[in-house]
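K.L.:
Pulled from TrEMBL, these are the listed features:
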- 20-47: transmembrane segment (TRANSMEM)
- 59-79: transmembrane segment (TRANSMEM)
- 122-144: transmembrane segment (TRANSMEM)
- 165-192: transmembrane segment (TRANSMEM)
- 237-255: transmembrane segment (TRANSMEM)
- 261-282: transmembrane segment (TRANSMEM)
- 294-312: transmembrane segment (TRANSMEM)
- 324-344: transmembrane segment (TRANSMEM)
- 358-378: region 'Disordered' (REGION)
- 368-378: compositional bias 'Polar residues' (COMPBIAS)
Amino acid sequence: ALSMFGTTVGLYGIPWCKKSLLLTALMSVIGASMGILDTGGNVLALNTWGAEAGPHMQALHFSFAVGAFVAPILAKMALGGSESKDLAGAEKTNQSVPRSVPTTSAASAASALKHHLGADFLWSYVVIGTYLLSVSFFFFILYSKGSSARDKSKASLQKCTFAKYHYALLILLFIFFLCYVGAEVTYGSYIFTYAKVFAEMKENEAAALNSVFWGTFAACRGVAIFCAACLYPGTMILLSIIGSAVSSSCLAFFARHPASLWAGTAVYGASMATIFPSGISWIEQYTVVQGKSASLFVIGAALGEMCIPAVVGYLQGRFHHVPVVMYTALVTSAMTMVLFPLMYKLANCPGESNLKEMSESEDRKALLSNSGLNEDEE
């Protein structure tokens, strides 16, 4: 609730910013609030549904994918028409003004365009902020209706079992999510440019290829909601990393062929869809996932989202004739294929805490049977 409210405050304030420092502060508030939401949403789903959180976790991340896919389309529909009209007006203004004063005409046209687009963006920020504010109030109401004392007593009765290599698993999953999210964001960010430069596609074809990636990504996350009810998270991760490895190999070596590029992009987007929610559901089966653990996963994902696209952009600028984007997808897929079997091996090692808990339970039952009391009376 607090993270949604913080995002609302930032969205309401951004359209009225006249200073870059204030705009930076509000954008930082939104970034921090979204980071809290990513962490808290995953932990809340695990705490609410426990071992049955698989479908709900997939539904949570499906909503992210739908928003990422639909929002740019709606923004283009809302702003495309007005932007083209203003640009046409600017061109007419430039043609009607003498050549001796091109700077003044360009400045006035840019000012008119900025004013018109500013009004549209103002309403978009207000509408989205109002929607988030209503959702924030809804969460505040849910919190006020709950009993914290009952939740604490219920949580104290739950068995807290940690895997034998608990911290090693957290670090490996941190690296796993760093590679996965970095590869996802990198491919989604650069596939449009790659299609135009390397595959020599037209602009509308490159845009359609980008939509294919995010469309299959969102669609497979929706399908995963139902698949999570009948498949184990580990099985879904295994299928996903195999699909990403095969598709990234096809993209790295045969991406200059249009058919291979289209098919590989679709399969790669579908394969990347379920890894993050399935990974959180999978680790929860073997060890306790608390707020700190979930925040570590989100930090790893955020670092991958920030660093890997930057490195790829730098390398692509240095080596113009090398498809760095496709090689990055292949390398990160290979990393996930190495990391997951290692994590699975560590997770299935018998933990000392589990053995100790079982022995204490057996001793308690033996004492109760000798004293003639049951657990309730004791």
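Any Cβ shown, glycine's included, is placed from N, Cα and C.
Just so you know, TrEMBL annotations are computer predictions that nobody has curated.
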K.L.:
Mind checking which residues of the chain, 6+ beyond the ends of the transmembrane segment (237-255), have their Cβ under 8 Å from one of its Cβ atoms?
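P.N.:
Distal contacts: 183, 194, 198-199, 261, 263-265, 267-268, 270-275, 278-279, 282, 323, 326-327, 329-330, 332-334, 336-337, 340.
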K.L.:
Are the transmembrane segment (165-192) and the transmembrane segment (122-144) close, by which I mean at least 3 Cβ pairs under 8 Å that are 6+ residues apart in sequence?
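P.N.:
Counting Cβ pairs under 8 Å, fewer than 3, so no.
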K.L.:
So what's near the transmembrane segment (294-312) in sequence-distant terms, Cβ-Cβ under 8 Å and 6+ beyond its ends?
P.N.:
35, 38-39, 42-43, 46, 170, 173-183, 185-186, 189-190, 276, 279-280, 324-325, 328, 332
K.L.:
Do any residues, 6 or more residues outside the transmembrane segment (20-47), come within under 8 Å Cβ-to-Cβ of it, and if so which ones?
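P.N.:
Contacts of the transmembrane segment (20-47) (Cβ under 8 Å, skipping residues fewer than 6 from its ends): 2-7, 9-11, 13-14, 53, 56-57, 60, 280, 284, 289-291, 294-295, 297-298, 301-302.
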